[in-house]
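Undergrad: As annotated by Swiss-Prot, topological domain 'Extracellular' applies to 1-7. The transmembrane segment annotation in Swiss-Prot covers 8-28. Here Swiss-Prot flags 29-81 as topological domain 'Cytoplasmic'. Residues or ranges marked as region 'Disordered' in Swiss-Prot: 50-81. What Swiss-Prot lists as phosphoserine is 53, 57. Taken from Swiss-Prot, the feature compositional bias 'Acidic residues' covers 53-63.
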């Protein structure tokens with residue numbers, strides 16, 4: 001094989017690895033956004049029910065606490081220092 005062909009193959013492999021890493025990060029961030037939207041919807045439902053009935057819905061609160069207490073998706077992504 002000629003050096004140019006070897007260089008082209010190495011470049012394709014490096015580009016593929018970079019693409020996999022980038023799309024993995026995008027997928028993780030997308031999951032975080034979806035989870036946050038679900039939490040926001042639950043908070044809105046709890047607020048609406050509290051305004052309507054005068055007390056908060058315990059079912060929604062339990063679901064919200066289960067989502068919030070699930071912990072960090074990535075242990076290295078801790079912002080509470």
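Placement of Cβ uses the backbone N, Cα and C atoms for every residue, glycine included.
Looking at the shown structure, what environment does each listed feature sit in?
TA: Under 8 Å from some Cβ of the topological domain 'Extracellular' (1-7) lies no Cβ of any residue in the same chain that is six or more residues away from its ends.
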Undergrad: Across the topological domain 'Extracellular' (1-7), what is the average pLDDT of the model, as a whole number?
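TA: 93, rounded to a whole number.
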